[in-house]
Amino acid sequence: AAFALPAFASFEKDVITPSVLEAVLNRKAPLSNIMMENDAILNVIANVKTVISNPVLEEALLKTNHGVNGIPCGESCVWIPCLTSAVGCPCKSKVCYRNSLDN
């Protein structure tokens, strides 16, 4: 049986990997000295993003052939902006990428 990965646009929601989700949850809220409420963030993310495994996302990224955009951050941005933009991963070609030249 052949297994074909759907294009990002065919997902019902944008996707995010568990490692990126953890990084977002550990990020401090902008202009605040307190940590963001993890439960509230998880509820929002569950409504707008689908958590998928790293290998599934990596395979889909290889098929889209947008490697020149930078290093994939583990999140798509077809409908919802990148949650990882707070950690330097803006949206390019429906995927959140980090500039490989930035430190």
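Just so you know, glycine gets a Cβ as well, placed from its N, Cα and C.
Counted within 10 Å of its Cβ, the other Cβ atoms near Cys89 (disulfide bond) come to 25, all protein chains included. Taken from Swiss-Prot, the feature disulfide bond covers Cys73-Cys89 (among others), and the record attributes it to similarity to another entry.
Sequence annotations record features per position, and here Swiss-Prot assigns disulfide bond to Cys77-Cys91 (among others). Residues within less than 8 Å, Cβ to Cβ, of Cys91 (disulfide bond) and separated from it by at least 6 positions along the same chain comprise Cys77, Pro81, Cys82, Ser85, Tyr97.
Cys82 (disulfide bond) carries neither a helix nor a strand DSSP state and counts as coil. Per Swiss-Prot, disulfide bond is recorded for Cys82-Cys96 (among others).
Feature annotation from Swiss-Prot assigns signal peptide to 1-9; the stated evidence is similarity to another entry.
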Practice problem: Would you count the other CB atoms within 10 A of the CB of Cys73 (disulfide bond), including those on all shown protein chains? | Solution: 26
Quiz item: Near the Cβ of Cys96 (disulfide bond), how many other Cβ atoms are there if near means within 10 Å?
Solution: 27
Quiz item: Taking the Cα atoms as reference points, how far is Cys89 (disulfide bond) from Cys96 (disulfide bond) in Å?
Solution: 5
